[in-house]
Amino acid sequence: MMDSVTTKLNDEALAPHISEAHLLMDACLLAGEILMANGSEITRVEDVILRIGRAAGIERLQVYALLNAITVSFPTQGLTQMRTIPPRTQTMDMEKIVAVNDLTRKFTAHQLTLADFHERLEKIDETIPTFPVWLQILGATSVSVPLMIMLTKSAAPINLFLTAITSCLAYTIYLMIRNRFNMRYFALFVASVLISLMMLVSSHLFKSPFDPDIVIVGAVMPFVPGVALTNAVREIMAGNFISGQGRIIEALLSAASVGLGIALLSFFY
């Protein structure tokens, strides 16, 4: 009888610690998921999770992250969990990445309790919106025109005007298809076909100094997978060969979708 009472008291004393370990585990996985799903590098994801665990006093914490999953283990607590990463609909959301990094710094500096840290992570995951569609389209247009001038050394008014209009319409179509059907590569292909189609029409309406090749260079700039390719190289240099190869394939598929869409009608103008 005495042994059963003692066992019950010990279990009740351990319950808060077990619950806290599970909450910490969920916080680590949630922070990693937010970072990974919004384009952060795997090395940085693992580093953030390790910092969170060390700040909470977890010894020998183990983290293994891939593009579509994160595994975290607390050996001393006998606790291991894995969380899959949902398919990304965005290339990168720096707003969420910065928010998670700021929270992590506050937690590691012991300015936040574990419960507050977890609660704020959930708010970041659920309530921080992406930029409105009109602002994304404006951003794509503002990227296209300056890069067109810089890369082609051409500033003819007709080329500037058509670059702005073409990139605006193409990016609008890209967002509509991507958000509606969650098919990023198909959206890139359709947007590129639209660019090529607009150049075909424009070639019959405008004369020199209009140059379809110059306009295409500027219009495709928002779709160039520069971030994915840069992250792929950095992943490989950091020794994450599996994830690096995955990011390279992602970048190549994006480039192939854009190139195929442009080439489809380029023979007619």
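Here the Cβ of each residue, glycine as well, is placed from N, Cα and C on the backbone.
TrEMBL: automatically predicted annotations, no manual curation.
Features reported for this protein in TrEMBL:
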type	residues	note
DOMAIN	27-265	domain 'Threonine/serine exporter-like N-terminal'
TRANSMEM	133-152	transmembrane segment
TRANSMEM	158-177	transmembrane segment
TRANSMEM	184-202	transmembrane segment
TRANSMEM	214-236	transmembrane segment
TRANSMEM	248-268	transmembrane segment
Are the transmembrane segment (158-177) and the transmembrane segment (248-268) close, by which I mean at least 3 Cβ pairs under 8 Å that are 6+ residues apart in sequence?
no
Residue numbers, six or more beyond the limits of the transmembrane segment (248-268), whose CB comes under 8 Å of its CB atoms:
184-186, 188-197, 199-200, 216, 220, 223-225, 228-229, 232, 236
Within-chain partners of the transmembrane segment (184-202) [C-beta distance under 8 Å, separation at least 6 from its ends]:
89, 162, 165-167, 169-171, 173-178, 210, 212, 215-216, 219-220, 223, 253-254, 257-266, 268-269
Which bits of the chain, at least 6 residues beyond where the transmembrane segment (214-236) starts or stops, bring a Cβ under 8 A of a Cβ in it?
39, 41-43, 91-92, 139-140, 143-145, 147-149, 151-152, 154, 156, 159, 162-163, 166-167, 170-171, 174, 188, 191-192, 195-196, 199, 202, 243-245, 247-248, 250-251, 254-255, 258, 262
